[in-house]
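What follows is a set of notes on a single structure, which appears directly below.
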């Protein structure tokens, strides 16, 4: 606005420059209203300082900081205008002003404002100047500038000093709104203060210091007019100005008062809202304070009505006065006076009670007689958590005040109900009654009454939020509710047995009920006034009655002692009994930690010790109530049963007669354990333990030997530690009489330090019980930890140290404290603890290369003693490190799931437990660049030699006779022949192919499993109790772990625990590195199998129910309850048998160690649970050896005639290079050439059949006019690139007929001779399987057709020439093609376009979009595969009509019309199908396999044992380089091509259970080691043994006319080379398996969840395409389901929270998956891992697991 004014009017005529005024901003935290004399000098100094820092010159003017300031412009001189005030402009400075005078000094034109028309307004003349003040001392405005030293005198002097540097004060902003006037006044007052006019401004507390002058008044008026336009002034300001325009000071004074009044109002409201009164001050003072506040607010125009005022007052009441909240909050017409009357009454009664408190004080001797857990010396308060509320991070809080004694003081915590001024009913004893009340004791025998309790009455409690009662006699509708936990004021838990209703029947026949909690662990029955108020019942202590809000009296109140009571006669009894309450089944709370998890977390300590520790806070972070103890009583830990098996218990208290009482750390017990044999040299063989007699604090130290100096070093260390850390001196050390303690060196050391050695007497083992029991306990823990984690034996002392840390933190049942508490140390924070052996990933600070993985798999051992880190074992580095740079590996539970643990994993519990600690670590981490070489905090403590441990029973290696026979090619001459070594590059592209499932270079594996000590009798004691207790409450997440060994075989016996095996490698017994494990019978075998994903376990009675598959419902994907049931129904899922009790055989001895190999195989791989162990035995069941192939391939060269020749050059093959070259393999030739079939064929009969087939083919070619027979071309006349070589090929068809085919050599066809954009389409196998499945469900007729010489019906557009057939004898001539000859690049596409056009135009068909070669109309569906057609229709006549039309154009043969109602056999595209309409369909290849497999020259074992699985877990492909002769290598590759080619053909047709093994071996075609060949033979042997198996379909009988398409997905995390994951999917239509896929993930996944997401995302596109196909072929509605055993994946899919995807590698894929699931209406359901049939697609499985998952759909 100001800029516009400057541009519209001419500048003033005086001055040569227009300088902008700037100043330093005044601090915003300074209050401009504080204008007291003490602040004036401060503002003056600030103004002077600000002015001294700003300069303005004519050449450069400062940019104005105020947006209302005019931009600097050059002033121009003009002659004065005629008449006064004809120009308007902003008041501008024409020259610099002296310090102390701001914003005037030269004539200025002030713009007119409406109120300038006032008669009181006196405008200045055009040449008049602003007032000038005389330069006198003491005048603030006349202070000369320190820079110039001049005083502002006149305009001429000012003009002469125009160029001098002056300081200016920032003007106030323009007023823009009436609502902002008070804020503007603040800035205006600040402006006046900075202009040295602060002393003329009055404040709310004092008048102005001096009177203003006329010049100052003119200045105020002009500046006020300038910056406060009248249109923006408030009404009250305009009223003042209308009366006296110059009364600016009145406006400022009133504004200051208003602002201070507003501040006081805010303070009053804040004080009123934060009132607090507990009786510590007189009630009169409290009333006066509140009344004054209410009066001030009312006077300031803020009236507070009675209701609001009472609410403020009641909110501030605490202590005993809190009761008034409940007594008065229901009153509608409540007044402040009434409320204060009650407060005065309670205050007077409180004072009276204090004076007479000795009368009611409880006798201290009576307190000692109270033997209850809750002594009730103070009032306990209870906190209630309702775990049934999902997504509620804050617990519900309840206060249950349990009072048994009178309170000695008043305060906020003493929430008792006091009497009023009216005399209450006083009972001096239990027999004294008033008001005619009857004290009738309930017939129920109460427990634990307090002496001051009034029997038969309920204690009224004003502070309790819940009602508690000890007897079940009055509880209605009782049910257990363990989710509600109550604690008293001392934070002690009050166990709650049940929850129910407490029903009242009052004296006016009023009936009501409130909720009540049942517990026998309280001193009184508590009645919560809070819950009574919720049902409109209040306690009036002036009348001593319970009444309703309308004043209706319900029951009298009795005062007995210090408390108020209500009789139980108003309670209605129930029929429930106390045993019924106590025996109600406790349901599982999902928010609680399962006891097995805590049991394992705390080193497998017993439940009693853990409970004592949690109750006494020796274990911190969570409470006893946070653990589900429902299974603790009958829970049997299998690892504890094995690791802690003992003969008998020690005698308790046996040492008391040998010693006196000592102070802490004065009496120590010590003992040495060892040696432990068969360990690396770096691992300790002994340990020495110390136990303090008083505190029971334990220390353990490792020892490598028992020499004197080693023992002395430990004693020196422990004594110094106790002296420095605990300021104590050891007086006595009790030891046995071992030589390590009785030697002279140690004796002198003890004597020198004044320590008395106390030795045990001979044959008195009881005297040394403390040390012996500690060693036994620690060893039990050690065995249990190693058994549970599966870590190698050389880490045994780490398990001892972990146990010691935990044991020192567990409370003793006898002392109720832990050793750490006795020693004065803080409790152990369990959030910093990890389970022993927990898989983690440790950051590699210095990798081998920038592309090398930065994470190293490891296993957590125990917290570090020397840092805040954790000791972690890294198998790949053979080290233990001390580091904080680790991440817990999700889904990994080491060997926790070995015994199934009732199908428990604890990922969610562990995440929840360590969340705060991890967040603390994360918040204190320093971000560092990955490219910098920074010193790591890794402390490599020991170099561990990881050589395999030798088992105690040496295993003999089984060698077949052929194994000892050396190959005939390895002769003396071969050593003298030079070798041509060919090496492949070491590093190759990891993405070799879509199904790359090969081992990479050696990586770390799971360390070997420790041996288990046998008992003295040579075997484990037989356990008559089951090792496993079913716990169906717990859900689990996917978990996988790696453990590698070659010493594994299948076990014939099988328990339900094995159903979760995953990622178990293929095994073979023929390899050179294999070791044969002695046979073990079923009765003598203990299954030790690591599960991939322990799943939800249910009770045996529900093993066959649908509850094994738990659907996850969402509003988007599952709109109806029965949708999930319909999806799961009819699926060929396995029926899980009930889990039998697992018993250990008497002959059970010891487990052989797992010989860990540092490899990463595709048949198991790192991160997978693929290890299991059998027990050594001389016997072995028949099925245990069924995967063994006795025929060795060492006789290979005996069949080769070239073996008689001198050895040739050898070729060295590297595994990775061979894998990379797999995709470039040329297919092997399965047909015969002309010379092989006819010219040189010595089989006369076969030769004649081939000749007949040859002539038949030639006649067909001539009949179809395949080439131009009118002219033969000379070869020289034709462009060579248009000449196509041709040949005859011969083969024998499946039906036994001999076939000849004249084909072109399309493999050498020039690119210019065909259109590369044309596609040769055939029906997709999934389309065929879908059509077959729909045909079975809809009773379709299936007709099979064949079109002879189909390609020859398609014309060829290009100009191509071929050589004539051989029988014509014209080798130098060429003929021009007219038809699409077989073999040409374009022939398939030409035929496809030809037949497609005919079917659409002539037969009325249409092709299904997205599914080539699938045609349909309203009646018929056609699947086309080159020249084979399969027709499906409801009416057979529809098929016949299509056939007639086809015969009109093509030579069509009906292979099978399909008109019979009996079983019909088809041979469709290699599948042998048995079909009976409306009943079943069976798909197999028995006849074809019976014919083909024997011709493969595979060493079959037809009379031997049959294989029960395609491969066995435990063996890894040796990655060492091969060195083979060139010819030998080519022959083996050729054989591998034949074998894998046949297996792939079978697997992708219908044997989907073999796809994992097929894909794995397919990657090793160019790496034909003896091991790979033997594994391939084993696969072919299994196919041969199961050649009669069929894919079985039965007609579905859906409840609704709908189709159900389901995909079951699974992933095996990180079990492939380069840490890639294997994914597998199985597709089912109406419960029938129609396809499967097993492949390696295209990207490296970082977690099991990401692998599962990748697997599901790979399945969704095909699922959607199949859905479209089904809807096109069958117009029924379709339901699409997606089943996975990963709950975390389901949670991500159904969640609407997108923040969890941030900083996640799989965020994009997960978001896309969520969109696809939502957009395509997919129903995402959970399936147990035990029932996940897709498991066979991702990993090798044990025999019984494999059978269990496949026997319902392949048999």
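Just so it is clear, glycine is given a Cβ too, placed from its N, Cα and C backbone atoms.
Residues or ranges marked as region 'Disordered' by Swiss-Prot: 1-86 (among others).
The region 'Disordered' annotation in Swiss-Prot covers 131-171 (among others).
Among the features that Swiss-Prot reports, region 'RNA-binding' is placed at 299-401, with the record citing similarity to another entry.
Residues annotated as region 'Disordered' in Swiss-Prot: 350-420 (among others).
Per Swiss-Prot, the feature compositional bias 'Basic and acidic residues' maps to 363-372 (among others).
The annotation domain 'Integrase catalytic' is assigned in Swiss-Prot to 660-835 on the grounds of sequence analysis.
Look at Swiss-Prot and you will find 956-1120 (among others) tagged as region 'Disordered'.
Residues or ranges marked as compositional bias 'Basic and acidic residues' in Swiss-Prot: 1038-1053 (among others).
Sequence annotations record features per position, and here Swiss-Prot assigns region 'Disordered' to 1146-1172 (among others).
Residues or ranges marked as domain 'Reverse transcriptase Ty1/copia-type' in Swiss-Prot: 1338-1476.
If you look up Swiss-Prot, you'll see 1346, 1427, 1428 marked as Mg(2+) 2 binding site. Taking a C-beta cut-off of under 8 Å and a sequence gap of six or more, residue 1428 (Mg(2+) 2 binding site) has these contacts in its own chain: 1344, 1345, 1346, 1347, 1468, 1469.
For the domain 'RNase H Ty1/copia-type' (1610-1752), the number of residues in each DSSP class (helix H, G, I; strand E, B; coil) is 69 helix, 31 strand, 43 coil. According to Swiss-Prot, the feature domain 'RNase H Ty1/copia-type' maps to 1610-1752.
Under the heading Mg(2+) 3 binding site, Swiss-Prot lists 1610, 1652, 1685, citing sequence analysis as support. Of all Cβ atoms in the protein chains displayed, 32 besides its own lie within 10 Å of the Cβ of residue 1610 (Mg(2+) 3 binding site).
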Could you check the binding-site residues 1346, 1427, 1652 and say which one's CB has the fewest neighbouring CB atoms inside 10 Å?
1346
Spatial separation of residue 1652 (Mg(2+) 3 binding site) from residue 1427 (Mg(2+) 2 binding site) - C-alpha basis, Å
40
Please work out the number of neighbouring Cβ atoms within 10 Å of the Cβ of residue 1685 (Mg(2+) 3 binding site), leaving out its own Cβ.
29
Other residues, Cβ within 8 Å of 1346, 1427, 1428 Cβ centroid (Mg(2+) 2 site)
1345, 1347, 1348, 1350, 1425, 1426, 1429, 1453, 1455
Conformational class of residue 1428 (Mg(2+) 2 binding site) under the three-state DSSP mapping:
strand
How would DSSP class residue 1346 (Mg(2+) 2 binding site) in three states?
strand
Quick one: mean pLDDT on the region 'RNA-binding' (299-401)?
60
